[in-house]
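Annotated features, as they stand in Swiss-Prot:
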{"type": "ACT_SITE", "residues": "115", "note": "active site, proton acceptor"}
{"type": "ACT_SITE", "residues": "393", "note": "active site, S-methylcysteine intermediate"}
{"type": "BINDING", "residues": "135, 139, 142", "note": "[4Fe-4S] cluster binding site"}
{"type": "BINDING", "residues": "217, 218, 249, 271, 272, 273, 350", "note": "S-adenosyl-L-methionine binding site"}
{"type": "DISULFID", "residues": "128-393", "note": "disulfide bond"}
{"type": "DOMAIN", "residues": "121-388", "note": "domain 'Radical SAM core'"}
C-alpha cells in the first residue's frame with residue numbers, strides 16, 4: 001500500500017561526520033576505533049589499547065582534544081590529532097524556555113539541521129533526541145511531519161547530541177580517571193597529568209538522567225544507526241546510561257518492534273493517538289499500512305515488557321477528534337483485550353503555525369484521564385514544556401524548512417486582521 005509521503009524503507013543514506021580528511025571517532029564502536037587505528041598504521045595490540053583509552057576519554061571524560069588525553073604518551077597525541085577528530089554538532093541556535101526547557105538547533109557537517117531538547121525536572125533531566133533530518137510519516141498533528149525527509153542521522157550525529165548536552169550542562173567528571181590507569185604510558189612527571197584524587201561532577205543542578213528517542217524522525221526507520229548510537233550510550237565504560245532510562249518512541253513500525261526489543265532492549269513508547277481506524281488513518285497515516293490490531297499485537301509481543309517495564313501509549317488530545325468518553329473506554333478495552341502492561345500519557349496538543357487541530361479543553365482532558373484511571377490504568381496528563389520556544393512535543397522543525405520572511409509577514413498580517 002502506498003502511503004502519501006511515506007517511503008518504506010527509508011532510502012536516504014547517512015552522512016558521516018568528517019574533519020577534512022580526518023575521521024570522526026564519535027559514533028564508532030570500540031572495535032571500529034581499533035580498526036581505523038590499525039588502518040592508520042598501529043599494530044593490532046597497540047590499537048586495541050589505544051581504542052580503550054580513547055573510548056574512555058570520549059565517553060567518560062567528554063574530552064574533544066587528543067592533547068588532553070593524559071594517559072597517552074605525548075608523542076602519540078599529535079599523531080592522533082593529525083588523523084582523527086572528536087566531533088560535536090555545530091550549534092546554530094540555543095534557546096531557553098521560561099520553564100527551564102532548553103532547545104538547540106544543530107547543524108551536521110553537511111549543513112543539514114535538526115533539533116534536540118533538554119527537559120529539566122526536580123528528580124530527573126530528560127534529553128529528547130532526533131534520529132532523522134525531517135520525517136516521512138506525515139502525522140498531521142506533528143510539526144516535524146510537515147517537513148520532507150532529508151536523510152537519516154548517523155550514529156555519531158545521534159550520540160553527538162548526548163555529548164553536546166553533557167557539555168552544555170557541565171556534567172563531565174573532573175579529576176582522576178576513576179581507576180582507568182591500567183596500560184597508561186603517560187609520563188608520570190607530565191605537567192598535563194590530572195592531579196585530583198577523586199572525580200566529581202560540576203553540573204548546573206539538572207543532570208541528564210534519561211533519554212527519549214522522541215525528537216525529529218521515526219527511530220525505527222533508522223534502526224541500525226539508532227541501535228549503534230544507543231549501544232554506545234548504554235556502554236558501562238562510557239556514558240553508562242541504563243537501558244531502563246532510555247525510551248524509544250515509534251509511530252508503529254510493526255516489523256521492527258520485536259528487533260528493537262531484542263537487539264536494543266530499551267523502553268518502548270507508541271504514538272497511538274486514536275483508537276479507531278478512521279481517525280488514526282487520518283492523524284497517523286502509517287496506520288494504513290500497520291493497523292491498530294497489528295500494532296497492539298506487536299506491543300503484546302514486545303520483549304521485556306512487564307508491569308515493571310510498561311509500554312507507554314502516547315495520546316495527543318485533539319478537540320472534537322479523539323477526546324470523547326467513548327474513545328477513552330475503547331482505549332481501556334483494547335489495552336485489556338491484548339493484556340498489555342501499559343500506561344497512557346495524555347499530551348495536550350501543542351499548537352504550531354498552520355496546525356489543523358486545536359487542543360482539547362483542560363476539563364475534557366481531565367475527564368478522559370479519570371475514565372482511564374478508574375479502569376485501573378495509569379493515565380497521567382503531561383505538563384507542556386517549552387511551548388514558548390517551540391520545543392514541546394510535536395513542535396520540532398528545523399530552521400531549514402521554517403517559514404520564509406514573506407510567509408512570516410503574511411501570518412502576522414492575518415493575525416492582525418483577525419484582531420480587527
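Note that Cβ sites are derived from N, Cα and C of the backbone, with glycine treated the same way.
Of all the recorded positions given, namely 128, 135, 139, 142, the one with the smallest number of surrounding CB atoms inside 10 A is 139. The Cβ of residue 249 (S-adenosyl-L-methionine binding site) has 212, 213, 214, 219, 269, 270, 271, 314 as same-chain neighbours under 8 Å, each 6 or more residues away in sequence.
Straight-line distance linking the Cα atoms of residue 115 (active site, proton acceptor) and residue 135 ([4Fe-4S] cluster binding site), rounded to a whole number, equals 13 Å. Spacing of residue 273 (S-adenosyl-L-methionine binding site) relative to residue 139 ([4Fe-4S] cluster binding site) is 10 Å (Cα to Cα, whole number). Residues 217, 218, 249, 271, 272, 273, 350, recorded as contacting S-adenosyl-L-methionine, have a largest CA-CA distance of 19 Å. When the recorded positions 115, 271, 273, 350 are compared by the number of other C-beta atoms lying within 10 angstroms of their own C-beta, 350 comes out lowest. Counting every protein chain shown, 30 other Cβ atoms lie within 10 Å of the Cβ of residue 217 (S-adenosyl-L-methionine binding site). According to its DSSP assignment, residue 273 (S-adenosyl-L-methionine binding site) is coil. Cβ neighbours of residue 272 (S-adenosyl-L-methionine binding site) (same chain, under 8 Å, six or more residues apart in sequence): 252, 280, 292, 295, 313, 314, 315, 331. It is 14 Å from the Cα atom of residue 139 ([4Fe-4S] cluster binding site) to that of residue 350 (S-adenosyl-L-methionine binding site). Under a cutoff of 8 A between CB atoms, and with a sequence separation of 6+ in the same chain, the neighbours of residue 218 (S-adenosyl-L-methionine binding site) are 131, 132, 135, 136, 137, 250, 251, 253. Separating the Cα atoms of residue 217 (S-adenosyl-L-methionine binding site) and residue 142 ([4Fe-4S] cluster binding site) is a whole-number distance of 11 Å. For the pair residue 128 (disulfide bond) and residue 350 (S-adenosyl-L-methionine binding site), the Cα-Cα distance reads 16 Å.
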